[in-house]
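Since the structure comes first, as structure tokens, the remarks are kept for the end.
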Amino acid sequence: MATQGQVITCKAAVAYEPNKPLVIEDVQVAPPQAGEVRIKILYTALCHTDAYTWSGKDPEGLFPCILGHEAAGIVESVGEGVTEVQAGDHVIPCYQAECRECKFCKSGKTNLCGKVRSATGVGIMMNDRKSRFSVNGKPIYHFMGTSTFSQYTVVHDVSVAKIDPTAPLDKVCLLGCGVPTGLGAVWNTAKVEPGSNVAIFGLGTVGLAVAEGAKTAGASRIIGIDIDSKKYETAKKFGVNEFVNPKDHDKPIQEVIVDLTDGGVDYSFECIGNVSVMRAALECCHKGWGTSVIVGVAASGQEISTRPFQLVTGRVWKGTAFGGFKSRTQVPWLVEKYMNKEIKVDEYITHNLTLGEINKAFDLLHEGTCLRCVLDTSK
């Protein structure tokens, strides 16, 4: 492309301070160095993780930064040594890297990758420990190794999944975070079996993806738990077949679920990020075999607790990141499943706005009616 090797000036939404409106700026995006890829972002969605960092509660939150980690675009150029993608490829940037070489990747036990974490966790690139973004000569931090609230971004090549060029980018951008996180929590982390009873705490995008995953896994009872009863109607479309509002009961929700399920559920999923709910999710599991998966991200410094007897008597407490999916290997597979109509994606998109309307999009995110808002970055 004509821009290869040059600094690109483009529009991006910059977070200068926690909880202050994002500012649409002309940002300079440097060319990719060795092992890096510059991507033209076409569509990006908002996730509660973006809002979490923007709130100032994230211990790794750095300002000023360009947020965003759920997106899709086209490779503009690549740095030296990059062989798996080239200019023109359709891609999804992945906050969960996959180098296939580090001890994590080689272990066969996890989808975590250690290659670039020391850089992405502090908002910079590995090569020179610097940012590729600047405004008027002042550096702007990266976010989660993706920074997709920008018309162009630079990412490590181990964080890029090449996808089917016929897939609609305004839809499959969701496969960069929330939907795989929920599906994978069921398929990879919990390994839910047919006939299982499942409880899902929190019916946002991730919770609904858990429901979809549980339904396709053959779960029989899929119990949705949320303090907003209006969410049940939508949740039914994703597989939830029972609903409980904790506000309707005068005893702890774990006791309600245990009574409802003859001793507890086989699997529970906490999709909120609330440590007291995490405890309830564990304690509503059946003695002897119940497994609870923590999916939601709690605020910095918060701790989980329960009585050890809960674990001694056979319950298992697990966590998951990106649903246990290997990003570069399995995101393309998820795109194919979507193209074959084997998983939902469109149904999670409730709003479509432009990059210039990003602050409105964050307002919508905090309203119960918004699941995913997709932004067209060209406007």
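Glycine residues also receive a Cβ, built from the backbone N, Cα and C atoms like all the rest.
Annotated Zn(2+) 1 binding site per Swiss-Prot: CYS47, HIS69, GLU70, CYS177, in sequence order, evidence recorded as experimental evidence. According to its DSSP assignment, GLU70 (Zn(2+) 1 binding site) is in a strand.
Mapped onto three states, the DSSP output places VAL297 (NAD(+) binding site) in coil. The NAD(+) binding site annotation in Swiss-Prot covers HIS48, 202-207, ASP226, LYS231, ILE272, 295-297, 320-322, ARG372.
A C-beta separation below 8 Å, combined with a sequence spacing of at least six in one chain, links THR49 (alcohol binding site) to HIS69, MET144, CYS177, VAL297. Look at Swiss-Prot and you will find THR49, HIS69 tagged as alcohol binding site, backed by similarity to another entry.
Packing around CYS105 (Zn(2+) 2 binding site) is summarised by its Cβ count: 21 other Cβ atoms lie within 10 angstroms of its Cβ, all protein chains included. The Zn(2+) 2 binding site feature in Swiss-Prot is assigned to CYS99, CYS102, CYS105, CYS113; the stated evidence is experimental evidence.
What Swiss-Prot lists as N-acetylalanine is ALA2. Remark: ALA2 (N-acetylalanine) has no non-local neighbours by Cβ distance under 8 Å and separation of at least 6 in sequence. Classification of ALA2 (N-acetylalanine) by DSSP places it in coil, neither helical nor stranded.
ILE272 (NAD(+) binding site) sits 30 Å from CYS99 (Zn(2+) 2 binding site), taking the CA atoms of both as reference points.
Neighbour density at the Cβ, taken as the number of other Cβ atoms within 10 Å, is lowest among the binding-site residues GLY204, GLY207 for GLY204.
Sequence-distant neighbours of CYS113 (Zn(2+) 2 binding site): residues of the same chain at least 6 apart with a C-beta under 8 Å from its C-beta are GLN96, ALA97, GLU98, CYS99, CYS102, PHE104, CYS105, VAL158. If you measure from the Cα atom of PHE322 (NAD(+) binding site) to that of GLU70 (Zn(2+) 1 binding site), you get 12 Å.
Taking the Cα atom of each, CYS47 (Zn(2+) 1 binding site) and GLY207 (NAD(+) binding site) are about 13 angstrom apart. Cα to Cα, GLY207 (NAD(+) binding site) and GLU70 (Zn(2+) 1 binding site) are separated by 17 Å.
Cβ environment of HIS48 (NAD(+) binding site): GLY204, GLY273, VAL297, LEU365 lie under 8 Å away, each six or more residues apart in the same chain.
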